[in-house]
Amino acid sequence: MGDAGLIVIGGATATGKTALAIALAQQLNSVILSADSRQVYRGFDIGTAKPTPAQQQQVRHHLIDICDPRETLTLAIYQAKAQALIAHYHAQGITPLLVGGTGLYIRSITQGLTMPQVPPQPHLRAQLMALGQQECYQWLQQVDPVAAQRIHAHDQVRTLRALEVYYTTGVPLSQQQRREPPPYRIWYFALTGGDRQQERCRIEARTQEMLAMGWLDEIQQLQRQYGEDLPLLDTLGYREMRQYLRGEVTLAEAIALTVQHTQQFAKRQRTWFRAEPDIHWLQATTLEAQLAEIQAQFTLCPKTTATKRRMS
């Protein structure tokens with residue numbers, strides 16, 4: 001592969017990114033940098049599909065379990081940590097893998113987004129949280145409509161952060177982001193995940209697997225440890241399963257809601273990744289074929305990023 005660069009594996013949830021990344025990292029004797037905005041938080045393991053301890057023993061993982069759930073990991077902090085790790089491995093001649101479905105995390109590295117250096121404001125955040133997510137999002141639509149278009153109405157963490165930046169600096173977050181592309185080579189791959197029925201089956205199977213692994217116990221432990229008002233407990237999957245634990249829906253209904261909302265989230269992820277430049281969409285459906293397709297791109301594109309291919 002020549003000089004050290006960066007391999008990115010993105011795509012929607014439940015498309016097999018983790019398995020592919022581990023196999024590729026083993027082939028290349030490399031490491032994995034997680035690009036998942038929930039896997040950074042300790043204790044949120046099963047419901048975020050965090051690589052298991054066994055998987056983490058196979059290949060060294062970074063940017064997992066680096067933050068207390070009561071704290072806020074800003075994009076600027078994530079970016080700084082990721083860039084430092086990339087530089088560390090480049091100095092050893094290693095090309096690391098950046099893997100995940102949080103498109104903004106990936107973009108902050110591949111396009112070099114420069115983020116405002118605004119530390120968390122606990123008192124302001126507490127005041128905003130008291131208003132509730134619906135009112136906060138309405139405020140965001142007024143003060144920073146560009147950011148509001150990028151942030152889902154139920155994404156409390158990013159909504160609060162955007163408002164925090166605005167009320168601290170007086171300048172909308174969307175106006176403070178600049179781009180400084182990195183100097184190293186990037187290979188950017190994404191997984192398609194097949195058709196919608198295949199996607200639904202995978203998501204449902206993964207949800208059942210999470211439950212079998214003890215997801216409900218994890219949620220109850222998190223509630224006991226951090227309280228039921230923890231914003232992360234109101235994120236995808238955790239929110240629906242807590243409805244079941246409160247007796248508001250049956251388990252079957254909670255599973256159906258989780259699958260439905262996860263598919264909706266996956267659609268938004270695909271929309272994001274389709275808009276990213278220089279992505280090679282992997283057409284292969286088996287792990288072995290995907291690895292071969294990636295290796296072929298190293299041969300075909302030795303000096304540039306991979307050619308973009310949109311999903312059909």
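Note that the numbers count up from 1, one per residue, in the order the chain is shown.
Glycine residues also receive a Cβ, built from the backbone N, Cα and C atoms like all the rest.
Swiss-Prot assigns the feature region 'Interaction with substrate tRNA' to one of the listed ranges (36-39, 68-71), namely 36-39. Remark: T102 (site 'Interaction with substrate tRNA') has A35, D36, S37 as non-local neighbours, by Cβ distance under 8 Å and separation of at least 6 in sequence. Ranked by Cβ neighbours within 10 A across all protein chains shown, the binding-site residues T15, T18 are led by T15. DSSP labels the residues of the region 'Interaction with substrate tRNA' (36-39) in these numbers: 0 helix, 0 strand, 4 coil. Apart from G11, A12, T13, A14, T15, G16, K17, T18, the ATP site neighbourhood in this chain, defined by C-beta within 8 angstroms of the site C-beta centre, holds G101, L191, G193.
Remark: K17 (ATP binding site) has I9, G10, G11, V99, G100, G101, L191 as non-local neighbours, by Cβ distance under 8 Å and separation of at least 6 in sequence.
Its own atom aside, the Cβ of G11 (ATP binding site) has 26 Cβ atoms within 10 angstroms in the protein chains shown.
Other than the site residues T13, A14, T15, G16, K17, T18, same-chain residues with C-beta atoms no more than 8 angstroms from the centre of those residues' C-beta atoms, the substrate site, are G11, A12, A19, A49, G101, L191, G193.
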